[in-house]
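Trainee: Pasting the feature list from Swiss-Prot:
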- THR28, GLY29, SER30, THR31, ASP81, GLY82, ALA83, ASP84, LYS94, GLY95, GLY96, GLY97, LYS121: substrate binding site (BINDING)
- GLU103: active site, proton acceptor (ACT_SITE)
Amino acid sequence: MTQDEMKKAAGWAALQYVKKDTIVGVGTGSTVNHFIDALATMKDDIEGAVSSSEASTKKLIELGIEVFDLNSVDLIDVYVDGADEINDRMDMIKGGGAALTREKIVAAVAKRFICIVDNTKQVPILGEFPLPVEVIPMARSYVARELVKLGGDPVYRQGVITDNGNVILDVYNMKILDPKVMETKINAIVGVVTNGLFANRGADVLLVGTPDGVNTITL
């Protein structure tokens, strides 16, 4: 089974957590695109979706799924999204696609967070994948200096502007032993919008695509 086939298996497995007549939170990325394809098969049974990115919104609309503004929604039953890394405590690094802030907002509103990945994303310690940090443009250099003080090696992601009009610093060489503490520390830096650690609000269910099928992990 190829990596993309494992992603597809995880994406389709998430459909079992979608209830009829609900609004579904939809993340961003290659694995989520498989989930959106699956969600389209029951588009007449759900109210619609809230999307975390312009890219996912475009795909949802193309497949005939109504997309709601989050401000018009009180509650999202489930939020389905991928991860760049996830540990055994369901802490994640996300944001490789630069949609981390909107992903974090939608996750905060959702009752349950279903994380869908292939088995290459499971790690014992977060940090081998560079940690994305969304930053107000005028604060980029200051935030970079502060991230160095925290032990990281920040690199400006050239040519990338987020859906919110901000920039991304990718922080390399951080072995993140306490994700909750590090998430809070980075978010406290003036000029940071948010960072790609999802630890204070981690996943509730992890669906892992493997060569032998999909493994379901809960805490």
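Using the three backbone atoms N, Cα and C, a Cβ is placed for every residue, glycine included.
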Trainee: Cα-Cα, whole number of Å: LYS94 (substrate binding site) versus GLU103 (active site, proton acceptor)?
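Mentor: GLU103 (active site, proton acceptor) has its Cα 9 Å from the Cα of LYS94 (substrate binding site).
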Trainee: Pop the Cα-Cα gap between the residue listed as 'active site, proton acceptor' and LYS121 (substrate binding site) into the table, whole Å please.
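Mentor: LYS121 (substrate binding site) and the residue listed as 'active site, proton acceptor' have their Cα atoms 18 Å apart.
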Trainee: Fewest other Cβ atoms within 10 Å: which of the binding-site residues LYS94, LYS121 wins that one? Let me know.
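Mentor: Checked LYS94, LYS121; of these binding-site residues, fewest Cβ neighbours within 10 Å: LYS121.
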Trainee: Measuring Cα to Cα, how many Å separate ASP81 (substrate binding site) from the residue listed as 'active site, proton acceptor'?
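Mentor: That comes out at 8 Å between the alpha carbons.
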Trainee: Under a three-state reduction of DSSP output, how is THR28 (substrate binding site) classified: helix, strand, or coil?
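Mentor: In the DSSP reduction, THR28 (substrate binding site) maps to coil.
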Trainee: For the substrate binding site, please report the maximum Cα-Cα distance among THR28, GLY29, SER30, THR31, ASP81, GLY82, ALA83, ASP84, LYS94, GLY95, GLY96, GLY97, LYS121 in Å.
Mentor: 15
Trainee: What residues, ordered by sequence, lie under 8 A Cβ-to-Cβ from ALA83 (substrate binding site) and sit at least six positions away in the same chain?
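Mentor: Spatial neighbours, sequence-distant, of ALA83 (substrate binding site): MET92, ILE93, LYS94, CYS115, VAL117, LYS121, PHE198, ALA203.
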